[in-house]
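Undergrad: First the structure, then my questions, so here it is.
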Amino acid sequence: MTIILAIETSCDETAVAIVNNNLVLSSVVSSQIDLHRLYGGVVPEMASRQHLETINFCLEKAWQETGLNWSEIDGIAATVAPGLVGALMVGMTAAKTLAIVHDKPFIGIHHLEGHIYASYLAESDLKPPFLSLLVSGGHTSLIHVQACGKYQQLGTTRDDAAGEAFDKVARLLNLSYPGGPIIDRMAKDGNPQAFPLPEGKISLPTGGFHAYDSSFSGLKTAVLRLVEKFEPDNLPVADIAASFQDTVARSLTRRTINCALDYGLKTIAIGGGVAANSALRNHLETAAKNHHLTVYFPPLKLCTDNAAMIARAAVDHYDLGHFSDLSIGVRSRLPLSEVMQLYK
C-alpha cells in the first residue's frame, strides 16, 4: 500500500489530499469561485495570493483528518503543469518543502493525468488501455491511455475548450460565473431542440472533416447572433441554454464514441469539470450502451479540481519509481504525451 500526500493549486482551487492507493483518507478543497465571480473569470494574480493565504490551513486540516504519522507517508506530490505559473508555484513550493523536511521523495504530477486518475478512485477495476475524454475550462481532449505515463492525444479543440465555451455563453445570457453549472440548471427548464446550432467541424486539407477534433468558437458566435435577435427582456434564456448544452453534448459524444470504436477501445473514462454536465452524461451513457461500450464518470466531487486525483496518479508513479528532481520547475504548458519529462 502506498500513501501519498498531494497538493493541487493549478488554477483557482487550493486542495490537499492524502490517499492510500484507491482509498481517500482526507480531501480538502478551498474554492475561490466567489472571489473570481466578481470579475467574470479567474484573475491569475489574485488566485496566487489566495493560494498563499489558504495553503497552510488546507494542509493542517487534511493532516488532522487522517491521524497519520509522517513515517507513514511514502511520498509528497504536487501539480507542476500545466496551469497558472504563480498558482502552481505555491503548491509545488509547499510540497517540496515538506519533502525536504520529512525526507520524502517528491513527485511532480501533470494536471490532466490527475483528471484521468480521478476515474481510478471511483472504479478500482479500471485498467489501461482505455479512452479518456478530458473536458474542462482549459482542455478538451481525447486521450488514448496506454499505461501510467504513456498517453496519445487523438483529438483536441482547435479554439475554445468546452468549459470555456460554457463560461462565454453564460456571459452572453447574462448569467454569472462559472457558466457550466448555471447553464446546466437553466437548461432543465428549456427545450434542447428550440434552436438548431452548429456543432463545429474542422475541415481537412484533403477534404472532409477531422473525426476527433472539436471547435466551439463558431457555436459561441452562433449563440451571440441568436441572442442579438431578441430584446433583452424577452430573451428565452432556458431554451438557448438547453440548445447550446445539447449541441455541445452531442458533438462530444459523437467524437468520443467514434474514436473509441475506431481504436477498438471498449472502455471510456470521462474527466474534468464539464464531466459533471447532466446532458453530456446522458448522451454518452446512452450512446455507449447502444455500442456495447463501458463509460465511467467520476463522482461529481472528483470532476472539478481536487488533490485526491493528483495523489492517486502519484501512487502509480511512486510504485513505478518515477520521482522528480527537486530542481524541477512549473510549466504553464506541457503536452500530456511528454509527461515523463517530469521524472528523473
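Here the Cβ of each residue, glycine as well, is placed from N, Cα and C on the backbone.
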Undergrad: With HIS111, HIS115 listed by Swiss-Prot as binding Fe cation, identify the candidate in ASP262, ASP305, ASP316 belonging to that site.
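TA: Record check against Swiss-Prot: Fe cation site with HIS111, HIS115, extra candidate from ASP262, ASP305, ASP316 is ASP305.
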Undergrad: Need a hand: Swiss-Prot gives LEU134, VAL135, SER136, GLY137, GLY138, ASP167, GLY180, ASP184 for substrate, which of ASN56, ASN277, ASN282, ASN290 is also on that list?
TA: ASN277
Undergrad: Measuring Cα to Cα, how many angstrom lie between ASN277 (substrate binding site) and ASP305 (Fe cation binding site)?
TA: 15
Undergrad: What's the most sparsely packed of the binding-site residues GLY138, GLY180, counting other C-beta atoms within 10 A?
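TA: Result for the binding-site residues GLY138, GLY180: minimum number of other Cβ atoms within 10 Å at GLY138.
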Undergrad: Which residue, of the binding-site residues HIS111, HIS115, has its CB surrounded by the fewest other CB atoms within 10 A?
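TA: Checked HIS111, HIS115; of these binding-site residues, fewest Cβ neighbours within 10 Å: HIS111.
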Undergrad: As a test of the contact definition, list every same-chain residue at least 6 positions from LEU134 (substrate binding site) whose Cβ is closer than 8 Å to its Cβ.
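TA: Non-local contacts for LEU134 (substrate binding site): LEU112, HIS115, ILE116, THR140, SER141, LEU142, ILE143, ILE270, GLY271, GLY272.
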